[in-house]
Amino acid sequence: IDITNTYSTVYCFISRRKILLIFPTFRWPIASRLDQNEMLEVQVYNYSKVFTNRLVGTFCMVLQKVAEEGHLELTDTLIDDNNMSIKTSVTIDIRYQPMDGTGGMWSDGEFLDVPDDRDGLFAFETDSLLSGQSHGSGTSPGRSLQGAGRGVFSAMKLGKAKSSKDDHKRGDEPAILEMEDLDKKAMRLAGMLEPDTISLASVTAVTTNVSNKRSKPDIKMEPSSGRPVDYQISITVIEARQLIGLNMDPVVCVEVGDDKKYTSMKESTNCPYYNEYFVFDFHVPPDVMFDKIIKLSVIHSKNLLRSGTLVGTFKMDVGTVYSQPEHQFYHKWAILSDPDDITAGCKGYVKCDIAVVGKGDNIKTPHKANETDEDDIEGNLLLPEGIPAERQWARFYVKIHRAEGLPKMNTSIMANVKKAFIGENRDLVDPYVQVQFSGQKGKTSVQKSSYEPIWNEQVIFTELFPPLCKRIKVQIRDSDKVNDVAIGTHFIDLRKISNDGDKGFLPTLGPAWVNMYGSTRQYTLMDEHQDLNDGLGEGVSFRARLLISVAVEILDTTSPEIICSTDVQVEPVSNISESATGKMEEFFLFGSFLEATMIDRKIGDKPISFEITIGNYGNHIDGVSKSSSVKKKKKEGENQEEENELIQNSSEDEADEDADLTSVSSTPPMKPFITDRNYFHLPYFEKKPCVYIKSWWQDQRRRLYNSNMMDKIADKLEEGLNDVQEVIKTEKAFPERRLRGVLEELSIGCSRYVTLANKDVNLAGRTKLDRERLKSCMREMDSMGQQAKQIRTQVKKNTVKEKLKLAQNFLQRIRFLADEPQHSIPDVFIWMMSNNKRIAYARIPSKDILYSVVDEETGKDCGKVKAVFLKLPGKKGFGPAGWTVQAKLELYLWLGLNKSRKDFLHGLPNGFEEIRATKMGHGLPPVTLVYDMKQVFQLRAHMYQARSLFAADSSGLSDPFARVFFSSQSQVTEVLNETLCPTWDQLLVFDDVELFGEATELRDDPPIIVVEFYDQDTVGKAEFIGRTFAKPTIKMRDEPYGPPRFPPQLEYYQIYRGNSIAGELLAAFELLQVGQGGRADLPPLEGPTDSERGPILPVPLGIRPVLSRYRIEVLFWGLRDLKRINLAQVDRPRVDIECAGRGVQSALIQNYKKNPNFSTLVKWFEVDLPENELLHPPLNIRVVDCRAFGRYILVGSHAVSTLRHYIYSPPDKSCNNWATECMHDKEKKKKKKKKKGGVEEEEETDERVLDWWSKYFASIETLKENLRSQEAAQAEAEEREDLEIAAEAVYNRELESEYGNFEDWLHTFNLYRGKAGDDDEHALDDDRIVGRFKGSLCMYKVPLSQEITREAGYDPNMGMFQSIPHNDPIHVLVRVYVVRATDLHPADINGKADPYVVIKLGKSEVKDKENYISKQLNPVFGKSFDIEATFPMESMLTVSVYDWDLVGTDDLIGETKIDLENRFYSKFRATCGIASNYSMHGYNIWRDPMKPSQILAKLCKEGKIDGPHYGPGGKVKVANRIFTGPTEIEDENGLKKQTEEHLALSVLNHWEEIPRVGCKLVPEHVETRPLLNLDKPGIEQGRLEMWVDMFPMDMPAPGPAIDISPRKPKRYELRVIIWNTDEVILEDDDYFTGEKSSDIFVRGWLKGQQEDKQDTDVHYHSLTGEGNFNWRFVFPFDYLVAEEKIVISKKESMFSWDETEYKIPPRLTMQVWDADHFSADDFLGAIELDLNRFPRGAKTAKQCNLDMIRNEQELPTISIFKQKRVKGWWPFVARDENDEMELTGKVEAELHLVTAEEAEKSPVGLGRNEPDPLEKPNRPDTSLMWFLGPLKSLRYFIWHNYRWLILKALGLILLLLMLGLFLYSIPGYLVKKILGA
């Protein structure tokens, strides 16, 4: 029988809220096992004899707990039809007896053979628990697997807690699994799974739990938010288009937060071109930064006197930009809208780039794409993905109802004075609420002196939807005469309260209470934690809670009664009922302090107590006076009293149900005991103090349950992903299996979530958001489960990494979903008090400790022991102070409804008695627990070594020691001096460790061990380095000490310092129970072996790693850039290499200044290292300076943490050596070289026109094409290259990053000295670099195989470093080409810079100051510089860009450094790039003094390769590979000659295909290097495009440098003849006749040259809109063909020192005007033609229409630069009131483009002047006044205006005439006909 279908009917007599239950017992025999998802439903009816029974309420529950435990008692409220709780509650007792008697136990089949049990399947593949931690060493005799499986597998069931008492009795034996059984089962389940896949990564060693009494500690200590960081926002305003308005002078204002900057003003245009760059620098916390609003507004005719009129604005918050890919929008169009008139549409577009750079972000600037793609405005809108282009206006209603629990905000002195005078007692706070959204603020009214203010007001914002601002900030403030301060702040994230999917919902919230946290509640005049109240950082105390709701309504802007403006409005709203936010329930919070250790000794030895608060409950110091809400509860309490009598008479046992218990919220004060030099502990030995609090909150547990379910899935996923990453990192086998397991787990978790959440769909909460959120969470989780399943099938060995990324996205999505926007119960705070002052705190989210009957819904720390670390509040917790632990608590917490309280002690370790407060009877919770069970252990900490520790001394090293804490004991390792990688090899033994509780529980669940690392200083206190946590492996007294668990393996533990990683510890910990026989029974300890070390015990043999003999060879090359030490120069340095206690010293450099290279290149030493590569110790490199009298001074050091990169692997002998033929690509290309579109482009292919820049621009095009078409087939890209211009590689990053820093054999090790900085001190590691050691390492096991040493030419002195060039000084000519810089950081007030280049190399410096480029942020330098240098003395090249200043020193904008030496010696041959083809003259001349054939011969000789053999037919053979290529070349005179160079070059271009020695040779290239400035660390200040060539001086001299000077713009003249106009709209009314006419003239100019505008003469009194002009405009201009830009040089203002150069797209503007004598002329219409692509003019005026402008994209366009001469009709357009385009006239014009030379040959006159004059236009005479020729003009007026009317009238008269004649003559005819005459 299915339980759910059988109802029980419970009859009750209900009278006056007293409830008497008559309880029958119901039994259901069920045939199958009870399913965990079954529901039990109880319905309570009101019984009636006459009528039908009326349903009072129902109660539903999931039977999961029952199925597991077999027994459950609970009390809960009933729910009526509307899903509202009613006051009736029901108590039920359920027992479940399975057939086989295994209630709450696993039956064998349950997790192995029954496939439909979702949780059990894949248990082996998915769980990391089956690792070394729990592999048993055999098992007690006769135990079946049933019992054994219990411990481990129950832990897998999504973290189910054991809680029934009988369970513990049964679970006495330790949870061990029989290995063989497991293996068989595992194979059955996971399909031949190898045992090593069940591995456990070290990171999770601490965090994985076998049992459930303890929860994970949080490793990272420091709050990361709230600390200020550097940000730079750069905005380029490029241009604006389609601005609404006639003939405007627009300015763009850019605002970020409160900073405003303006562009220059452009005159009379509504498509201005600016290209101006603005930079805003901020140093604020991330939250503040991302809430700042970026606002672009266009202002019309602003000047010094008037602020101008606003055309439109665009708003977006910084966070939106930061969340974009690359943190930027590039070349996107922002839509302007008018905030004062929401009915109007788009007001225009502004094209801009916006980038937000945080510290350490590097922004990749996309290469400038060509103009055409970006002119498609609709396709490039400045909006994030997924936001529609047409956004609608919406109203955002934020309703503020009331607040509770506000703190005092004024001193009580004034209040007492007032009380004395007036006699009233007042609340000391005057609150109001301020709401901020998208740059606007709204405030409610101030409620004077009230701790519980009631506002009932709503703040209304009008904003486009979806908004580009993510958060609404709601702040309660205290109104004050002097200044208002924030009481608390809450942010509402719109993404969390809405869903943009197709089944999504608009933002909605509440009505719900939100809790606000901030500084502590006592009032001080200067609150040091005021920032916390503004929402920065983690609040340290409850401040208030506020009842709010949010709604959004999309506006219909067409409706007439709409308010147009977007100003914020505030209006009252109606009150909402008490019950709207949920029924008030009594909650019970219980806490027990099991241990308080590691209390910082700075506190002093006054007695210490701990206080727990939830909201204001439990806060006795600074909570607020009892308020009205409590009074209400008191009334309810009186009613409860009556009930109590009833209950007490009935049974003693239940008296605790409602006895009014006074809360005990703090532990009794206790004097601390000393642990060691740094810490105290409190003597909580067998007596554990307890606290409990009763509190009343609205019952919104469902919200928290929902979050908990998702959080648990997320935690499990995160742990799994960490495992996978660790497996990948340590290169263990089969990461893909573990990932599959993780995804399987995820999909099971998701489907389980959906099943559980389904139960809630009908119980969904009261608010709309609760219902919608539940639905969307279910949809998301469901789809995520499906995706996880699907991805699981695609996980292969080679796809692990990308699938891992996808899984990490899942994790973020679940975490985002789990964050509940509507709060319910406030968080719990634990404060440590000393001397009645609050010292340190911990904050625990209430959801983590909330209890539920269903396991998945229970908080992860509910009823578990958790290690909690207390920290200092607020800013005190930043930096070093925040890293030291203030106190470590072992704390047990439980929070739940008071009525379901009976289980609250279940999770505590067993073996205690409860001690209650005596006077109150036995119904109370205990105030103390006394443990009578005590176990004694010995802890052995095997501290082997640590590596990559934090440098804490000024020498750049540390003197580290470790301190191990366990329970209340601590021990210290020895101090090792001057190292970052100490190998202590020391065993610390803790004797007589007393732990309380049952042995078995401790075995599953030992307390954690804390290890802290310090740096010993000779004076003063040791300095903190970092800390890590570990869990010991436990052996009980009855277990043997042997494999597989013992001896334990060494594992790596990450050391944290705040949030950053400060190293790793390699150690093992074991906890051994001391039995009856005392310590004698324990495994023996070896005595101290090393007589020098004294009584220090070493790590025993079974635990320390197995060693083998390795040889490490060191290549000593040289030292570079050593800085001064103590003001003295380094003169005679030496390098010491040390690894695992052995080492080698380099030769001494006799004179560092003269030659910083070593004389002996290779040395070696042998050392014993662990077999396991992961355990290899680090290798230390130290540089010392040998001073006089045998003194040594440490210069700097470097620790190589992993040697794996340097392990030598012999070359693969089976390399493919067969002959293959490689076709060269050029042939293919040549076949494809067809001109497209049939248009011959003679000018471009002409060799003489091509220069280096043609090559450069062609390469950039190719780069862009490649970026676009990386997915598309390469063939297309080749077709696109219309003309064969030689290309070069353009890298949009440094060359080093393309070629692995050129460390192919010569590595650079940075030497550090000085303390490492922490983030907040902004000390980057770069500041600690004191020099660089160049050299290399090679390690291999000894002895080496014979083959290598036998090879020909093997030099035993050089070891593995054969064929390495010698390091004698060498003279080199360095040629630096600087092409251009982009996006420089402005250095002058005007937002520009005057950049020039400075090049330093060693002592020589080249300053190009006189050639600075005025007012440019994207200067084109086009220069080459030659410098002679001597390697190794001068090998670091610095290229800087400085800003020229007329007065004062020039400022550095940024610089980039290049290590030339590594490039010079690299096998990638970075001395001079290899061109793609070879020519002897022209723009592509071969630059290298060595020809390709010489280079090839040299490479073959060095690599000992056979070749090159040149054969007939254009073939060459190298190392059995055949390459082909052309064999002829043209010289300057065009004569063909035979040559082998092309062949050699084709080999060089494919050198990477040569076996063994092949690698990609550096091609001819331009690299893009970021410019950095020390003042702004980590933030790019611009980029520099450049390249470097190097030529050794002992070779033939290279030719002259290539000329890359910027192209000079070409001088052109554009001649525009305005022939006629037609259909121009008529503006003027005639005085006498009312006749419409216009006095037309045409104005024209080239964009950017408004001041040179030219006008035609006026065609007066045109009555038809026709005008005849025959007028010529002449516009001379300078034009860059390659960039399609006009170049203009002009002074910016009268005060400018020199001219500024602008580059502007060539656009011709023509406007038609109506001339007025006395008033200003009227603007009628305009057209703008882009001279590169504009629509062809219409042949006749008739064919000319608006479509020529509207469909500009579809129509074919022409370029004046190709056509030279164009004539036709074009439309004039303007915008009407509704913003629609309208045709306002047509113009017939002729455009003629001539070069400057042609213009000189055939000059023309302006207007109609000589030379080449135009004839006078033939204008009609009406243009004279009408009274001069009255008849003529009458004819003109009347005929012109009424001609149709006149024609119609004439027609009508004729018709009538004919009819008259007809009627007149018909009788005569008829008579004649009749009479037959």
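Keep in mind that glycine also has a Cβ here, set from the backbone N, Cα and C atoms.
On a predicted model such as this, the values are computed, not experimentally measured, just so you know.
Features of the protein shown, as given by TrEMBL:
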- 213-334: domain 'C2' (DOMAIN)
- 373-508: domain 'C2' (DOMAIN)
- 625-669: region 'Disordered' (REGION)
- 639-660: compositional bias 'Acidic residues' (COMPBIAS)
- 921-1046: domain 'C2' (DOMAIN)
- 1093-1219: domain 'C2' (DOMAIN)
- 1355-1473: domain 'C2' (DOMAIN)
- 1594-1745: domain 'C2' (DOMAIN)
- 1842-1864: transmembrane segment (TRANSMEM)
Task: Three-state composition of the domain 'C2' (373-508), taking helix and strand from DSSP - done: 16 helix, 57 strand, 63 coil
Open item on the list: With a cut-off of 8 Å between Cβ atoms, can you find at least three pairs linking the domain 'C2' (921-1046) to the domain 'C2' (213-334)? Only pairs 6 or more residues apart in sequence count.
Closed with: yes
TODO: Within the domain 'C2' (921-1046) only, compute the mean pLDDT.
DONE: 85
Task: Segment proximity, the domain 'C2' (1355-1473) to the domain 'C2' (213-334), 3 or more C-beta pairs under 8 Å - done: yes
Task: Helix, strand and coil counts within the domain 'C2' (213-334) (DSSP) - done: 14 helix, 62 strand, 46 coil
TODO: For the domain 'C2' (921-1046), jot down how many residues DSSP puts in helix, in strand and in coil.
DONE: 6 helix, 63 strand, 57 coil
Task: the domain 'C2' (1093-1219), counted residue by residue under DSSP: helix, strand, coil - done: 10 helix, 55 strand, 62 coil
TODO: Could you tell me how many residues in the domain 'C2' (1355-1473) are helical, how many are strand and how many are coil under DSSP?
DONE: 12 helix, 53 strand, 54 coil
